[in-house]
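Engineer: For reference, the structure I am asking about is given below.
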Amino acid sequence: MPKKIAVLPGDGIGPEIVAEALKVLNFINADMSLGLNFETALVGGAAYDAFGTPLPQQTLNLCKNADAVLLGAVGGPKWEPLAHAIRPERGLLGIRSELNLFSNLRPAILYPQLVHASTLKPEVVAGLDLMIVRELTGGIYFGQPRGIHVAESGEKVGLNTEIYSESEIRRIAHSAFRIAQKRRKKLCSVDKANVLEVTELWRNVMAEVGKDYPDVQLSHMYVDNAAMQLVRAPKQFDVIVTTNMFGDVLSDIAAMLTGSIGMLPSASLDANAKGMYEPIHGSAPDIAGQGIANPLATILSVAMMLRYTFNQPEAAERIEAAVNSALDSNVRTADIYSAGTTQVSTAEMGNAVLKALQG
Ligand code: NAI
Ligand code: MG
């Protein structure tokens with residue numbers, strides 16, 4: 001059976017960066033006979049303009065029938081006046097929930113060539129390579145009851161509910177342990193078990209699932225301490241697993257340790273490692289159409305796809321090494337430019353990676 005990838009370029013810089021990622025993917029697909037097929041569809045604002053909805057049924061069907069989804073980015077000022085239900089972002093949320101993508105992988109890797117892009121001291125961040133696994137479909141962002149009500153006293157009260165079932169915790173635990181097995185076999189589960197019972201259960205289930213993975217060293221940390229440790233000494237971490245809300249905050253802290261939004265990929269997986277892969281950044285309307293966006297986050301998302309969905313670690317490593325070589329050759333898009341390097345376009349950066357792969 002040929003493997004199928006749904007390609008959703010989206011809006012803004014999305015089509016520009018996805019085009020470069022496809023150059024790389026096409027090359028590695030042919031070179032290593034991976035047998036991957038592609039089909040492109042509209043999502044987000046582009047889909048709204050064509051069909052009046054950010055997630056047309058044919059796009060959703062394509063994603064459901066594919067093994068993986070490669071997404072650029074969605075959104076932009078043009079669609080901001082639209083009602084929430086038909087905004088471009090709804091296209092992404094729809095795919096996440098329809099495909100049950102509960103495990104969000106956010107690596108933070110600092111390439112040695114870009115050590116000065118970080119606002120932290122080089123000795124703190126040099127060599128940084130950590131992965132945050134965020135639970136994506138449960139917790140306080142979805143819990144009921146929720147809302148703003150008028151209490152009996154006449155005062156307004158706001159309310160949200162943090163709920164995690166044992167099965168929800170267990171499946172994200174398995175996902176995180178399996179990822180840790182593919183890395184340095186260290187997993188830190190972040191919670192607030194001293195104050196929140198829901199995360200006391202989280203901690204207990206993590207420990208229980210950990211018995212199935214004796215090769216992975218499991219530790220636990222409170223979220224306030226984890227926030228401090230991420231900034232103080234981030235290299236102590238390999239894989240961090242945490243709840244939806246804690247992961248939202250910690251993954252953004254981790255991303256900024258590297259200082260470069262154009263370099264960071266992500267994955268969102270289901271229980272069978274089917275997934276959606278996308279850069280963490282948005283559609284960057286301020287630079288769209290200029291051919292200057294950094295395509296490396298999207299190219300690195302392709303490497304994650306090959307590693308996690310298609311179980312092709314060698315192909316993934318080849319792409320990551322090619323990105324490294326491209327940076328070694330001193331070419332930089334504007335977002336990572338520094339004195340003494342050569343500024344290049346989106347396409348030239350893609351070509352530099354391709355050349356390194358062919359090399
Ligand atoms: P953004 O990530 O699009 O841009 C933030 C800043 O980073 C901008 O100055 C942009 O030029 C720069 N930037 C982002 N990616 C870059 C790249 N690859 N190379 C060079 N520079 C890059 O976030 P912003 O401006 O808050 O949102 C813009 C639009 O994107 C909004 O409509 C927002 O809703 C949407 N968005 C979509 C996401 C997605 O599709 N997953 C995620 C975040 C925002
Ligand atoms: Mg966030």
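A Cβ is built for glycine as well, from the same backbone N, Cα and C atoms used for every other residue.
Keep in mind that TrEMBL annotations are predicted by a computer and have not been checked by a curator.
Because the structure is a prediction, the values reported are computed rather than measured.
What TrEMBL records for this protein is below:
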{"type": "BINDING", "residues": "76-89, 282-294", "note": "NAD(+) binding site"}
{"type": "BINDING", "residues": "R96, R106, R134, D224", "note": "substrate binding site"}
{"type": "BINDING", "residues": "D224, D248, D252", "note": "Mg(2+) binding site"}
{"type": "SITE", "residues": "Y141", "note": "site 'Important for catalysis'"}
{"type": "SITE", "residues": "K192", "note": "site 'Important for catalysis'"}
Engineer: Hey, how far is D248 (Mg(2+) binding site) from R96 (substrate binding site), Cα to Cα, in Å?
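Structural biologist: Spelling it out, the Cα of D248 (Mg(2+) binding site) and the Cα of R96 (substrate binding site) are 15 Å apart.
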Engineer: Return the members of G76, R96, R134, D224, A284 (the binding-site residues) with CB less than 6 angstroms from at least one atom of ligand 1, or none.
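Structural biologist: Those binding-site residues that pass the cut-off, since their Cβ is under 6 Å from ligand 1, are G76, A284.
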Engineer: Indicate whether A288 (NAD(+) binding site) is helix, strand or coil by DSSP.
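Structural biologist: Coil, per DSSP.
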Engineer: Checking the recorded positions G76, E80, Y141, A288: which ones have Cβ within under 6 Å of ligand 2?
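Structural biologist: The recorded positions passing the 6 Å Cβ test: none.
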Engineer: Spatially, and counting Cα to Cα, which of the recorded positions is closest to G76 (NAD(+) binding site)? Options: K192, D224, D252.
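Structural biologist: Result: the closest of the recorded positions to G76 (NAD(+) binding site) is D252.
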Engineer: Given R134 (substrate binding site) and D252 (Mg(2+) binding site), what distance in Å do their CA atoms have, once rounded to a whole number?
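Structural biologist: Between the alpha carbons of R134 (substrate binding site) and D252 (Mg(2+) binding site) there are 11 Å.
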Engineer: Taking the Cα atoms as reference points, how far is D224 (substrate binding site) from D252 (Mg(2+) binding site) in Å?
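Structural biologist: Rounded to a whole number, the Cα-Cα distance is 15 Å.
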Engineer: If you count CB neighbours within 10 Å, which one among the binding-site residues H84, R96, R106, R134 has the smallest count?
Structural biologist: H84
